[in-house]
Amino acid sequence: MAQGEEMGTDGDSLPLMEMGASEPEPLDQSVDYVLVADHRTQRNPRKVQQQKRFLEDLRRKGFCYKVKEDEEKVFFGIRADNRIFSLYRTLLLEPEGPDPRVEPIGPTTIPATTRIRVVNFILNCRTASGDTFQDLVKDGVFETRFPLHKGQEKLKKKWAQWRNMVHEQPIDDIRNYFGEKVALYFAWLGWYTYMLVPAALVGLIVFLSGFSLFNASQISKEICEAKNIYMCPRGSSRRYQRLSDTCTFAKLTHLFDNEGTVIFAIFMALWATVFLEFWKRQRARVVLHWDLYGWDEDQEEVALELINCPDYKLQPHQHSYLRSIIILVLSLFMICIMIGMAHILVVYRVLAAALFSNSALPFLEEQVTTAVVVTGALVHYVTILFMTKINKCVAMKLCDFEKSRTFSERESKFTVKFFTLQFFAHFSSLVYIAFILGRINGHPGNSVRLAGLWKLEECHLSGCMMDLFVQMAIIMGLKQTLSNCMEYLGPWLAHKCRSMWNSKSLDPELRDWQRNYLLNPVNTFSLFDEFMEMMIQYGFTTIFVAAFPLAPLLALFSNLVEIRLDAIKMVRLRRRLVPRKAKDIGTWLQVLETIGVLAVIANGMVIAFTSEFIPRVVYKYRYGPCRQGAHYKEDCLTGYIDHSLSVFHINDSVRIEGLENITQCRYRDYRNSQDYNFSEQFWVLLAIRLAFLILFEHVALCIKLVAAWFVPDVPQSVKNRVLEQKYRMLWEKMRVSIKSTDV
């Protein structure tokens, strides 16, 4: 059962219609947008009157509409007159003549992306009565609105299928259907995935190179043979553990904590720079191909405002120091909360260690540290999911308080705020594990305790790199697998459930509207969330890559799946995104550059303070058998384990029954065995660590700067083409001027 009603447009009521061009179109063509209302609202005279006022306001602006309904919903299909789009093009003309950045004016068909973008902007504006469409939705007058999916069969066949996973993306087709902003996202994601191939290969080689020394490493040999060395009890445990019991973990640690780690960290600093520089070149080519190289976003928004309201008054840029100070203070408060969440995780790990140490399960008692690290990573992942929702709300409230001038400015500021909060939510616990864990615990006999009861958690017996590796592997693995599954299964199940309870109409047009209505809704954050997910992944791939060289490989496999997941969601499972023009990825480029700098700093600190690289090198050339150029027939690291472990003398009060013959235990630190103060080796190592950190960061940053200089942001072919266009425009203007003068 369906009924239709059509209303024409009143041409004289169009704003600035003296600049119009074509005749009004009949509504037998496809509609631009569909508005939906619940049948129950039609029994409320006040809401019906509000609907009529809103539709009448659209009619005065140059729209016509038709009404169709089924048993539950009322659908209003609206279509804008072509004169609105002619006006849109006219307002974007330059004084010299047609600008090559916009679609040519003529009898050609208006692109669907342009129609949807302009209509969406008009629908977002306030009506004569002062209401917006969102106000009417909150009041229950309308339920929702959406543009229709039309002509997406080509994208379904060439893009939104799993069998196309390794095929090149049809970026131009994506742009023609979803607009430039979505197309640039997928162009960037495809380029990022392509550039991950060399990073993944090098990371895999570095990781596998450890296997060649899996049994040959001198350090691993000494640990495996240290059956007479007992490690002091850690945490709340009172159990002395043979160092040889950690033999397997020591070998595993050497897979990602070896000399190749330093080379790989420098390589990734160079890779991040080259990736960004080549992306800038790729973007320039794509944008020039789309005739958007010199497109002005401010001019676009002003043009849309004038179309909707000829009396629009330009809003000037404003800045308030008071408002900025308040936003800064609130942002810092939220960052402190993020850091506080990391401290809560520390408390959990301490309590979990105490619980597992007294567990009745033998496995938990023997593998306390491993169990604590794994469960701590799971708790951190759940915390991230919880804080993401809070961070988004806080960032949105801060943007509302800031009162941005335009939507694009608001989006840019929201990006900075939300990413900053998300960064601390994701990486604060990793910073704790990498640089604080096990370093503020004191020493056996004088341990720092939480609330005076529980000892603070310590690093794994095989070193802190093992803790960082496990934390990175679990969080990144869960985010790339579980999150991707939920990202796809959620919309798929929701769409199936909505489709099951729908009755099909006999009217083919109404049936098409119903099909689009049953798809999952989209919002302004739909594409933003995809970008944010990739930025966090990029952070994991670069910032602590020295501790997890397999991160690029995991990101590569994840992205191959992510591209198809996003394609299927956008084309098959979600309503059509509103197309938006863009000539770059906006603030996200600055986010990527910031992550690149943080990656250099973090990886330098990981190698200097978390890895055993510096202590091994110092021992080899200062304390070991090969010191001062001496020739030693065996490995130069012989004796390193005994040198790197401090001695604690066990008193009678801390002896354990059955182990009375143990008079001393060892622990990871550089302290004197007499007074337990820091030894001379500790201060030498600290000085060398700091010197290495400064040297590493300066070398890596210099390499980044040289690479950025060596690879121009814009290809010469693009510069020459833009220069040629300017030359032709000026030459044509001069030719016209000469003819006028001659006449």
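Here the Cβ of each residue, glycine as well, is placed from N, Cα and C on the backbone.
Copied over from TrEMBL, here are the features:
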{"type": "REGION", "residues": "1-23", "note": "region 'Disordered'"}
{"type": "DOMAIN", "residues": "108-171", "note": "domain 'Anoctamin dimerisation'"}
{"type": "DOMAIN", "residues": "174-723", "note": "domain 'Anoctamin transmembrane'"}
{"type": "TRANSMEM", "residues": "182-208", "note": "transmembrane segment"}
{"type": "TRANSMEM", "residues": "261-279", "note": "transmembrane segment"}
{"type": "TRANSMEM", "residues": "325-348", "note": "transmembrane segment"}
{"type": "TRANSMEM", "residues": "368-387", "note": "transmembrane segment"}
{"type": "TRANSMEM", "residues": "418-440", "note": "transmembrane segment"}
{"type": "TRANSMEM", "residues": "535-565", "note": "transmembrane segment"}
{"type": "TRANSMEM", "residues": "585-609", "note": "transmembrane segment"}
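Distant neighbours of the transmembrane segment (325-348): 376, 379-380, 383, 387, 391, 394, 398, 401-402, 417, 420-421, 424-425, 428-429, 431-432, 450, 456-457; these residues of the same chain sit at least 6 beyond its ends, with a Cβ under 8 Å from one of its Cβ atoms. Counting Cβ pairs under 8 Å that are 6 or more residues apart, the transmembrane segment (182-208) and the transmembrane segment (418-440) reach fewer than 3 and are not in contact. Across the domain 'Anoctamin dimerisation' (108-171), the prediction's mean pLDDT works out to 86. Note on the transmembrane segment (535-565): residues 160-162, 164-166, 169, 186, 189-190, 192-193, 196-197, 199-200, 202-204, 206-207, 256-257, 261-262, 264-265, 268, 272, 419, 422-423, 426-427, 430, 434, 465, 468-469, 472-473, 475-477, 479-481, 484, 487-488, 588, 591-592, 595-596, 598-599, 602-603, 606-607, 610-611 of its chain, located 6 or more positions outside it, place their CB under 8 angstroms from a CB of the stretch. Beyond the ends of the transmembrane segment (261-279), by six or more residues, the same chain brings 188, 191-192, 195, 198-199, 202-203, 206, 542, 545-546, 549, 552, 589, 592-593, 595-596, 599-600, 603-604, 606-607, 611, 613, 696, 699-701, 703-704, 707-708, 711-713 to within a C-beta distance below 8 angstroms of the stretch.
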